[in-house]
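Asker: Please read through the structure below; I'll follow up with questions.
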Amino acid sequence: MSEAVLASDSPSNPVVTVERGQRAVFCGLTSIVWLHRKIQDAFFLVVGSRTCAHLLQSAAGVMIFAEPRFATAILQDRDLAGMADCHEELDRVVEELLSRRPEIKTLFLVGSCPSEVIKLDLNNAAGRLQSRYDGRVRMVAYSGSGIETTFTQGEDKCLAEIVAANSGRTDHENPALIIAGTLSDIVEDQFQRIFDELGIGPIAFLPARSGDAMPIAGPSTRVLLAQPYLTETAQALKGQGAKLLNAPFPLGAEGTLLWFKAAADEFGVAEALFNDVTSAPLARAKQAVGYQREKLRGKRIAFLPDSQLELPLARFLARECDMNVESITTPFHDPQIMASELELFGDHPDMIEGGDLETRLDHVRQLRPDLTVCGMGIANPLEAEGLRSKWSIELIFSPIQGFDQAGDLAGLFSRPLSRAAKLEV
Ligand code: SF4
């Protein structure tokens, strides 16, 4: 049963309707798949059940060829009296792991939803283990539980805890600008080059590639979000005195340009220098998107709630690819983080936060769009009904941010449509 609540009725903002009901979204443990690749000296120890272990193994199946940097400590059924054993067991697993893997510098203890894990206070456990391994490894606990998090919110919880764990440290210089949100190394390097050419710095990325290099914000630090699902991380950085810059997300030629412009304006970069630095990559991005636009123009698209990337992607596809966005549902909408996106996208008839699974699926069935962006679990049933789908998780795993990726981003949407057209011939 869904309950619709009007979230915003300000005449100047698009109306966002909150709808409650059943969801079908992966839990926050999924984000370990991209976080462990990014933070190269970290290990993610999930404290959970066999279900959690299976989820991780299947989501990160490619890792079977390498020494993995994640694992699941499985807790069997226990009552409260057995919780002392749980702590002992956790200590034993951690000891074994750290003696076998000296390269681990940060150990994330990741909570999950089985009741035994909820009873176990992981923050406490991390504190206890920290005093035992101080100087050897940094312990950080966060929750990836499906009760509290959708799959991208797992990253938000992780980064917010990294920020909190570093609060009060004075052994690092505060960077001028923090770029928050996991990006592929190739995108990070491109962004670093452009910021260098603009004369903005020192900049730092959160998460950094090693636990030691995680940035610490101060009152002179500015923050640009590279991913839209970082509500708690943004709050934590603001708590360290940093200022969050309002910008759309660096998706597409326009989004990327405005994202850099927000930083350039904040740091007083001259207009002429900004144009000099950005004009060539901007022209390349526009040309690459233009090629894909021919295949996307006039096609109808709908977004089911999954990643929180829904609105920035819809804005890019509508404004740069001439697609008709027919429906957007996002699992969680942060009006402050999305302010620039909403402004760019303008009024929209159908923007839903949360979403009841059956109601949203019925809506898609009525619309019969050319493409539906959705979670993996929903894609197959839609395909079986003759509706083309795109897994939103693919958009998290692919390098899609920045000027040089704008054409590839549009290509991720045109490919399933071209494939469908070929099958129909
Ligand atoms: S954390 Fe919860 S939702 Fe996620 S795999 Fe484990 S049991 Fe399932």
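A Cβ is built for glycine as well, from the same backbone N, Cα and C atoms used for every other residue.
Bear in mind that TrEMBL entries carry predicted annotations, made automatically and left uncurated.
Heads up, here are the entries from TrEMBL:
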BINDING   CYS27, CYS52, CYS113  [4Fe-4S] cluster binding site
DOMAIN    33-406  domain 'Nitrogenase/oxidoreductase component 1'
Asker: Taking 10 A as the limit, how many CB atoms besides its own sit near the CB of CYS113 ([4Fe-4S] cluster binding site)?
Answerer: 20
Asker: Just how many other Cβ atoms lie inside 10 Å of the Cβ on CYS52 ([4Fe-4S] cluster binding site)?
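Answerer: By my count, 26.
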Asker: Below 8 Å Cβ to Cβ and six or more residues apart, same chain only. Which residues does that give for CYS27 ([4Fe-4S] cluster binding site)?
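Answerer: Non-local contacts for CYS27 ([4Fe-4S] cluster binding site): LEU55, SER112, CYS113, GLY144, SER145, GLY146, THR149, THR150, PHE151, GLY154.
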Asker: Cβ within 8 Å of the [4Fe-4S] cluster site's Cβ centroid: which residues qualify beyond CYS27, CYS52, CYS113?
Answerer: GLY28, LEU29, GLY48, SER49, THR51, LEU55, SER112, PRO114, GLY144, SER145, GLY146, ILE147
